[in-house]
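For Asp104, the entry in TrEMBL reads active site. Sequence annotations record features per position, and here TrEMBL assigns active site, proton acceptor to Glu169. The feature Mn(2+) 1 binding site is assigned by TrEMBL to Asp135, Glu170, His411. TrEMBL lists Asp198, His231, Thr334, Arg347, Ser383, His411 with the feature substrate binding site. Residues or ranges marked as domain 'Peptidase M20 dimerisation' in TrEMBL: 211-371. Look at TrEMBL and you will find His231 tagged as site 'Important for catalytic activity'.
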Amino acid sequence: MSLPSELTQLFSYIDANKSQYIDALKTAVAIPSVSTWPDKRNEVQRMVEWCADKLRALGTEIEFADLGEQKLVDGKTIPLPKVILGKLGKDPKKKTVLVYGHLDVQPAFKEDGWNTEPFTLTEIEGKLYGRGASDDKGPVLCWIHAVEAFQKLNIEIPVNLRFVFEGMEESGSEGLDDLLMKRKNDFLSDTDYVCISDNYWLGKKRPCLTYGLRGLVYYSVEIACAVKDLHSGVFGGTVHEAMPDLCWLLSTLVDKNTKILIPGIERDIAPLLHNENDMYKKIDYEVEDYKKDLGVEQLPHNEDKTKLLMHKWRYPSLSIHGIEGAFYEPGAKTVIPAKVIGKFSMRLVPNQDPDHVTECVVKYLNKKWAERVEPDMTREGGSIPVTLTLQEATGKNVILIPVGACDDGAHSQNEKIDICNYIEGTKLLGAYLHEVGQLD
């Protein structure tokens, strides 16, 4: 079956402008828009404005939505980055597609194990390495370049477009849910479809459509043992130290086989469908490739493909992320920290209630801690992905079309996007707009 002539022209144009698209991504990656670094908040806003200029060049009407201020741990406040709300096209005969993306990135330092400078896009053997290349600056640019290609070829854009691009996704999308719900009767009111490209192929060969996500609850546990840091040579052995107490407590959350040890959280997990095992067996997923990409020698669940996919998608997981207040710099420091804060999260699956899960977590930690010292238990926060918010605000289903591959390393060292995925992904998103435009 041959391609429609519009798509043949579109794909040829995209191929011919590959170098230009890579240069644009290089500029975007060079902006260190790390939303978790307060001192880089101006860089996040700079990235937002840079993207807005790109959209304006397409004729997009831009509104910068104000989210207010963010209160930091030390009590100070800083402005939240503006959210881009963009409108391109008002033809009542066309369908309207809302596109979501984010412009902030995870922290990155060369000394963390990067082979290249994280904020300098570097091409190596057909791969583009740089923080944000795959998550999510690359896919955002794919959307912009796809629309631009239609315009340069004088091909009518087949749909109306609405853009929601934010700068706080990596910090929990603070303020975005409230904004979207407030704007559901005006900016979002004529939305027919919602599309997000902020996820990844399962493998490296076959594209995929994502129809489900896991939810997230995030917790912190604070343990204090003194009013100030102590010298280990003077006080070691005479106080209950916060660090070993915290390490012990965190170790009780999950076992070596990734099983969550907190009773009760499994209550609402949906039972297996009668054909679910067969569904997983047909999916393009090579366990050996997965191990090689991660650089691990052994996987849990006896390395069974079906079980691994189930624990990746349809069962909850618990991850321990870090300890605040602990010494982590190079060299030695013989200090007993006065206070440490452990941070962990759980990915939730359909039917699980975050409030019930939190009740189970607090009850379990209090029970375990009864063996040691009474702590202050705090919940740092929970989040529902913007996917669900967009679905609720628009009343439409959301489709996720990944651009990046499974080995892109989002949130990790040496994040990259393959040039093939970057260019072919631009074509894919253009084709998606074309297909939506054909719907009655």
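Using N, Cα and C of the backbone, Cβ positions are placed for all residues, glycine too.
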Query - By Cα-Cα distance, the member of recorded positions Asp104, Asp135, Glu169, Glu170, His411 nearest Asp198 (substrate binding site) - result: Asp135
Report task. From the recorded positions Asp104, His231, Thr334, Arg347, pick the residue whose C-alpha lies nearest to the C-alpha of Asp135 (Mn(2+) 1 binding site). Result -> Asp104
**Report entry** Spatially closest candidate among Asp104, His231, Thr334, Arg347, the listed recorded positions, to Glu170 (Mn(2+) 1 binding site) (Cα to Cα)
**Finding:** Asp104
**Report entry** Around the Cβ of Asp198 (substrate binding site), the count of other Cβ atoms that are within 10 Å
**Finding:** 23
Report task. Could you work out which of the recorded positions (Asp104, Asp135, Glu169) has its C-beta surrounded by the smallest number of other C-beta atoms within 10 A? Result -> Glu169
Query raised in the report: Within 8 Å of the centroid of the Cβ atoms of Asp135, Glu170, His411, which other residues of that chain place their own Cβ, given that this set defines the recorded Mn(2+) 1 site?
Result: Val105, Gln106, Gly132, Asp136, Glu169, Ala410, Glu415
Requested in this report: May I ask for the distance between His411 (Mn(2+) 1 binding site) and His231 (substrate binding site), taken between their Cα atoms and rounded to an integer number of Å?
Outcome: 35
Report summary line: A correct count of other C-beta atoms within 10 Å of the C-beta of Thr334 (substrate binding site) gives 11
Query raised in the report: Got a sec? Which of these binding-site residues, His231, Arg347, His411, has the most Cβ atoms within 10 Å?
Result: Arg347
Query - Nearest recorded site to the residue listed as 'active site' by CA-CA distance, among recorded positions Glu169, His231, Thr334, Arg347 - result: Glu169
